[in-house]
Amino acid sequence: MDVNGRDDLKAPLLQPSDSVAITISETNNKRERKHRTAKFRIGDIKCASCATSIESVLGKLNGVENAMVSPLQGEAVITYIPELINAKEIKETIEDAGFPVYEFPEQDIAVCRLKIKGMMCTSCSESVERALLMADGVKTAVVGLALEEAKVHFDPNVTDTYHIIEAIEDAGFGADLISSGNDLNKVHLTVEGVNSDEDAIIVRSSLESAVGVTGVEMDLGERKVSVSYNPDLTGPRSIISCIQEAGRGSKSYNAHLYVALRRRETEQLQEILRYRNQFLLSALFSVPVFIFSMVLPMLPPYGNWLDCKIHNMLSVGMLLRWIFCTPVQFIVGRRFYVGSYHSLRRLSANMDVLVALGTNAAYFYSVYVVIKALTSNKFEGQDFFETSAMLISFILLGKYLEVLAKGKTSDALSKLTELAPETAHLLAVDSDGNFVSEMEVSTQLLQKNDIIKIVPGAKVPVDGTVINGQSHVNESMITGEAIPIAKRPGDKVICGTMNENGCILVKATHVGSETALSQIVQLVEAAQLARAPVQKLADKISKFFVPMVVVAAFMTWLGWFIAGQARLYPEHWMPQAINKFELALQFGISVLVVACPCALGLATPTAVMVATGKGASQGVLIKGGNALEKAHKVKLVVFDKTGTLTLGKPEVVSDVLFSSYSMEDLCDMATAAEANSEHPLAKAVMEHANRLRLKNGSYTEHVTEVKDFEVHTGAGVSVKVGEATVLVGNKRLMQACSIPVGPEVGIDKVFAEIDPMGKADKIKELQMKGMNVAMVGDGINDSPALVAADVGMAIGAGTDVAIEAADIVLIKSNLEDVATAIDLSRKTMSRIRVNYVWALGYNILGMPVAAGILFPFTGIRLPPWLAGACMAASSISVVCSSLLLQSYKKPLHFQNTQGESHYAKSA
């Protein structure tokens, strides 16, 4: 999209997934079965009897409700019940009857996005992914740990979103539907006056017969209707009017927008509050346990009462610690038991397993000590109730701080979604084109071709064209361009931008989900969900990480226990009031809880989330972690010329004086030299010179007479203006006249007159030399090269095909953003490496310390509750490290690893 708004926003930046020739409509029959209509192209239909034969054969199939065959067009329109039969079986039946089928909907692929609850580490996200892929009808599934979302492609003939959610819940996780693929042009309405099945049938029939309506879903319980529509033919206000007009006599119906809570922000807040409340509840019981075990015993005589015996060796302090610890272990800590159960049921292990093993070992050993003390008058043992309670409290504190920090990683996306205004001033137009009224409406009710009034200080609610008025519009929130752009009739405006100083009237060309802003949000969401190749390292480690930790913890306990029993270390090593078994147990528990698979799982996705969001705010849309990772390896950039480096028509973009002549003299001489030339470049020079003279107040129609006018073919012209010789031309002309000239845009190689496949071949040729190549283009003819390149970059003003084929979209069509994209990629990969250093380094160093490697030399050991605090801190440190990318600034200059710029250009 051009920053001057002159290039037409012909279509959204992000196209919806390829559709097939199928429409879905639900009929209100007794069985409430879904009907589907499919169109087939059939060959060898020579007469009406052929069509009748096909209709007869299809009519015998169980599940085919209706079949109409046109012998003239060679098409069949078939309505069937997907629960009983599918399109492939229908195709085979037609072919068995002796008629070839050339086109048919082989398989419908629907898409849905789901919010996943309860994931804590990489093994959790892998478990959800496995559960989804094992579900019938699911084709692909991608689960994002940091985003806590899943994107699922499935066959709607086999399954639906309800069964997909059930599969996730069976795996032990929660799931909520965020959106389905056909939600892009769908309006959700609350309907008043629908009190019976008869009312529902009337409203549904009225909507299904309306022009542009493609699907109707009704929920009588919530009195909600969801209507899919073609935005070129109808819109929300027309649909509401259709419902109102369905009323007859005593029956009247009304509808208004169904107001749903903002799901992302609401669920994020709920998660934060849930962890906060769990931590506070845990702390309510854990703090007394800590005081009774660690504080009061150190402050005699204040803690002496804790040693008072109740029965045999059971003391008051031991009983109180047991009472206060039990709610933490089984009520607050229930989530760890549930998570462990589901994880082990899937034959995998996650952080819940480690926490449950560690806390259970501490708690039930302490219960054993209590029972032994109660039944014996000689037994002396130390309980570890504080270990269990404080461990759970510190883990919950860490998760609370982690979700707070993770919320910051999606700040850029939240800011993008908040750019669109809530309401707009809609103007009503009569049949003569006169404005008759103005009303404030929700932006969700706007339709194509609406006329909207935008006052100074208001945000633009749609993508559209200015039809009246002048103003300056601040587009920095979309394009990153700080200077307000002048807007006049015919110029384009973008949804979410700010009108500065004038009142303008705008005709809507794209509304709702089709605006550039909505497409940007969808692209960023998809990018944050996509998994970067570097994430594979964490995925591989997570498969054996938890079992390895369990084995290491067991070996640690066994090693210290055997060493103690064999008296391999002196008695003075033993801490006070702890025996050798208990010391070994504490070391084993510390190893269990200090290991943190969560930090590994968060290292890549949190950095990708921040980087893609930051890139979007800078005018660079990066389509996922894969593109982000590939861009940092780029050593050479290939540019398409026409439409990318140039606008397709010559225009002077800058002027610089290198002599003592004034700008006015320069303009006079350039105009005089080019006045006799018909070359397009000559006209561009003259137009620019006239603009400068008009700006300086020295414009005149008079052109100075010249002599010795000479055309240098392919180089420029030369003339004599007075006593001065004037040259206007390119580098070759200057060199021919012995005038020194520095390099053009820094491009050192040019490949001219290359067709689309030739561009792709040239890219492959460069790749064969061992170079990682980026291609920057704008047109359909660039798409083969964009796909062939390691990284394809499309400018925002380019065609839909180029944008779809590219890995990165430069919204502003500013080529400086090529450097920004590569630099941001390198900064992000560097940050991911730092994150892995934090995560791996922490585990590599933390586990030996927890196992007691320093204890023989320094007496330093890591108590289990402190090990739990360290585990929580590791996740927080990784997320905070990723958040440092929020401070990213665009580079002032760009150099590759060789220290010099290399650019190439294709014609």
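Using N, Cα and C of the backbone, Cβ positions are placed for all residues, glycine too.
TrEMBL assigns the feature transmembrane segment to one of the listed ranges (383-401, 516-534, 801-819), namely 383-401. Non-local neighbours of the transmembrane segment (319-337) in the same chain are 278, 281-282, 285-286, 288-289, 292-293, 306, 310, 352, 355-356, 359, 363, 366-367, 370, 383, 385-386, 388-389, 392-393, 396; each lies 6+ residues outside the stretch with a CB under 8 Å from one of its CB atoms. Long-range contacts of the transmembrane segment (544-563) within the same chain: residues 123, 348-351, 353-354, 357-358, 569, 580-581, 583-585, 587-589, 591-592, 595, 597, 600, 847, 850-852, each at least 6 residues beyond the stretch ends and with a Cβ under 8 Å from a Cβ of the stretch.
Only sequence-distant pairs (6 or more apart) were considered; of these, fewer than three Cβ pairs between the transmembrane segment (865-885) and the transmembrane segment (279-299) are under 8 A, so the stretches are not in contact. In this chain, the transmembrane segment (836-859) lies out of contact with the transmembrane segment (279-299); the count of Cβ pairs under 8 Å, excluding pairs fewer than 6 apart in sequence, is fewer than 3. Here the transmembrane segment (583-604) has long-range neighbours at 120-123, 125, 145-146, 350-351, 354-355, 357-358, 361-362, 365, 384, 387, 391, 395, 402, 406, 531-532, 534-535, 538, 541-542, 545-546, 549-550, 552-554, 556-561, 564, 574-575, 625, 832, 835-836, 838-840, 842-843, 846-847, 849-852, 861-864, 867-868, 870-871, 874-875, 877-879, 882, meaning same-chain residues at least 6 beyond its ends whose C-beta is under 8 angstroms from one of its own. With DSSP states grouped into helix (H, G, I), strand (E, B) and coil, the domain 'HMA' (110-176) comes out at 23 helix, 24 strand, 20 coil. According to DSSP, the secondary structure content of the domain 'HMA' (36-102) in residues is 22 helix, 22 strand, 23 coil.
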